[in-house]
Structure formats: structure tokens, C-alpha cells
Amino acid sequence: MPHANLTFSRLMVDCEGVSMDTQVEKERGDEEKEGGKSASILSPQLKAMIRIKKKYLKKSNSVRLAHNTNSVVSDGSLHPKSPQTRKSKRRKSRVLFPNDTLICKPKKECSRANPFLLLFSLIVFIQVYNAIENLDDHVLKYDLEGLERSLHREVFGQPEALEELMDHLNDYLSTYAHQKPLALSLHGACGVGKSHLGRLLARHFRSVVEDKLVVHYLSKHHCPLQDAARHCASKLAQRISEVVARAEEEEQIPFFILDDVELMPPPLLDILQTFLQTNQTNEFLNVVYVFLSSLVQREITAHVLQNSSTAGAHKPLRQALSLIHPLWTEPAVELIPLSLLEREHIIQCFLEEMTLEGFYPDLSNVERLADELAYHTAAGRQYAKTGCKQVVGKVNLL
């Protein structure tokens with residue numbers, strides 16, 4: 001009966017997971033009660049398993065004891081690498097805020113940089129808008145749109161030259177501070193409207209700025225004698241200095257329109273070249289010069305007859321003008337060639353002049369008068385050799 005109890009107990013240990021050591025002690029107790037008469041019923045395999053488990057438990061207990069010992073330093077403090085120390089360090093690195101403090105998390109809708117970004121964008125927009133408005137106001141002061149309409153209405157056959165002229169004026173007059181003066185040098189053959197264009201420019205700018213800030217200089221009138229060239233040059237220099245000083249006081253840009261430049265002696269051209277230098281005071285950099293001449297008219301005529309346009313004529317014209325005087329080598333000088341007038345433009349000149357003189361503009365009579373002029377023929381087009389120069393004389397004969 002004791003053997004049956006032992007067998008039943010062993011089965012209960014295996015099923016319920018009871019400790020092997022407890023079972024062994026129980027067996028020993030039973031054997032002692034029987035007086036040691038019976039031998040141990042444990043098999044050698046079970047005994048080996050019990051010994052292996054004891055060694056494993058002993059080794060595990062020693063490793064756990066060594067780990068706990070290393071976590072404590074000799075002075076009683078925790079080891080720096082122990083889990084408790086790392087956990088405490090993580091706790092200490094946290095920043096604590098008072099309960100009544102509003103903590104703003106770095107979210108997109110709560111970022112403090114957004115208001116400053118919006119404010120900066122608004123400031124930049126206002127500054128750019130004000131700059132554009134100031135530029136528009138500066139251009140509107142000179143009424144360049146009205147000037148352009150007037151030129152296209154009264155100057156015939158020069159759409160390319162007028163467009164180039166207005167582009168330079170718009171760019172230069174859009175601001176008051178400049179690095180160099182603007183010198184527009186218009187060249188064309190006889191009768192293409194150079195002097196008429198100069199009168200229109202002088203009349204317009206005198207109407208938008210003070211009359212004293214616009215100088216219309218005619219070489220035939222202001223310096224008729226070649227012997228007095230140096231005296232004319234000194235008077236022109238003095239006039240330019242006075243007008244520029246007055247314009248600086250009134251914060252405006254003066255205009256100098258010089259006609260018949262081909263008749264100017266070298267001293268006058270030398271004086272004009274000194275005023276086109278960039279190493280001058282600021283008031284002499286805010287000036288507009290308009291030169292009107294028939295220089296290099298042969299080159300312009302040959303180019304127009306060959307190409308039916310003035311496009312591409314700037315480079316050869318500048319080379320030809322640089323041989324006449326170094327004035328046209330200055331960076332401030334912008335060349336604008338005027339084209340030849342065709343037969344239809346001559347008819348417009350006759351109609352305009354007859355209307356001004358009070359004649360009825362009979363088209364058949366106008367065409368008859370236009371046929372009396374001499375023309376160049378190229379690429380199926382007729383270009384007047386003298387332009388509208390003879391129109392006034394023929395109308396006066398009516």
C-alpha cells in the first residue's frame with residue numbers, strides 16, 4: 001500500500017507541477033516510517049533529472065545575486081548603468097511647467113512663427129506695391145502716353161524709331177536716380193521729319209515740366225559762325241550747368257534737344273561729350289539729351305534700300321559715327337535710325353500741309369503732286385529721295 005501511495009504522488013507531481021524536492025522529502029519520510037525496510041523506488045533516470053534541476057536552480061540564484069550586487073556601489077549609491085539610474089535620469093531630464101502655464105506644442109496650427117511670417121510677407125508686399133506706384137506716378141508726371149499718341153499722329157513713316165524712342169524714355173523716366181545720363185541720337189536722311197520730331201518733343205516736355213528745364217538748341221541759330229565755336233561751347237556748358245542745377249533743386253529731369261548736330265563744330269561736340277561721362281555728380285546723371293542730325297544718311301539710305309527696314313543698322317552706324325567724333329562711342333548714347341519715307345507717307349504729308357493751308361485735299365491732285373517727286377525703287381517699293389522736304393514748297397505754289 002505505501003508503494004501505491006508513492007506512485008500516485010509521483011503522478012500528481014507531474015500533472016500539477018509540484019516541486020521535485022518536495023516529492024523526494026515525502027518519499028524519504030515514508031521510507032523512515034516503514035523502518036527503512038524497503039529500498040528507494042526512484043529510478044536512476046529520475047535521480048539524474050533531480051540533480052540537474054538542483055544545479056540549474058543553484059546557478060540561477062548565484063547570477064541573480066551577482067547582478068543585484070553590481071547595481072549597488074560600495075558607498076551605497078546605485079550603479080550608473082543600472083536600470084534604476086537610467087530611469088531616474090530620464091525622469092530628471094523632463095521639463096516641468098506650472099499648472100497655470102499654457103504649453104504650446106509644436107503643431108502647425110499652433111506655431112508661433114506663422115504670425116511673424118504673415119507680417120513679414122505683408123511688409124514686403126506693401127513695399128513692392130509702393131515702389132510700383134511710385135514708378136507709375138513718376139512716369140505719369142511726364143505724360144508719356146500722350147506724347148506717344150502725338151508722335152504717332154504727326155510723324156509719318158517712323159513706327160520703329162518712335163517705338164524705340166518711347167521705350168528708352170519710359171525706362172529712364174520711371175525713376176529719378178540714374179547711373180548715367182540718357183542721350184538719344186536720332187539720325188536720318190533729309191526730309192524724314194527730324195526737325196519736326198524735335199519741335200514735338202520740346203513742346204510736349206515744356207507742357208509737363210517747367211519751361212526753363214527744357215532747352216531746344218538749334219545750331220544754325222545759336223552758333224551760326226564757325227569762328228565762334230569755342231565761345232558757343234562755353235555758353236552751352238554754362239547753360240547746361242544752370243538748367244541742371246535748377247532741375248536738381250526742383251527734383252525733376254531736364255531735357256536738352258539739340259537739332260542740326262551735323263553742323264556743330266568739334267568744340268561743341270567735345271563739351272557735349274564731357275557731360276555724358278559717368279564720373280560726374282548726381283545732378284548731371286539725371287539729364288535727357290536728344291541729338292538730331294543727318295550724319296551717316298548715306299549709310300542709312302543704303303541699308304534701308306537693301307533691307308527695307310532700319311533693323312540691324314545700329315552697329316554699322318555706330319562704327320561710322322565713331323570716325324566722325326568720339327561722342328558716339330559713349331555708353332550713354334543710344335542710336336535711333338530714321339527710315340526713308342515711302343510714297344504713301346509723302347501723300348500723308350501733302351494732305352496734312354494742304355489742310356493746314358486751308359486747301360481742299362483733293363486726292364487726285366495730291367497724287368499728281370506726289371508723282372512730281374523723285375524716288376528710289378527697291379523691292380517693289382518707292383522711297384522719296386528728299387522725303388517731305390519739298391511738300392511745303394509745292395503746296396505754296398497752289
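A Cβ is built for glycine as well, from the same backbone N, Cα and C atoms used for every other residue.
Noted in TrEMBL for the protein shown:
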- 19-38: region 'Disordered' (REGION)
- 23-36: compositional bias 'Basic and acidic residues' (COMPBIAS)
- 68-93: region 'Disordered' (REGION)
- 84-93: compositional bias 'Basic residues' (COMPBIAS)
- 341-395: domain 'Torsin-1A C-terminal' (DOMAIN)
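Residues belonging to the domain 'Torsin-1A C-terminal' (341-395) score a mean pLDDT of 91 in the model. For the domain 'Torsin-1A C-terminal' (341-395), the DSSP-based tally of helix, strand and coil residues reads 29 helix, 9 strand, 17 coil.
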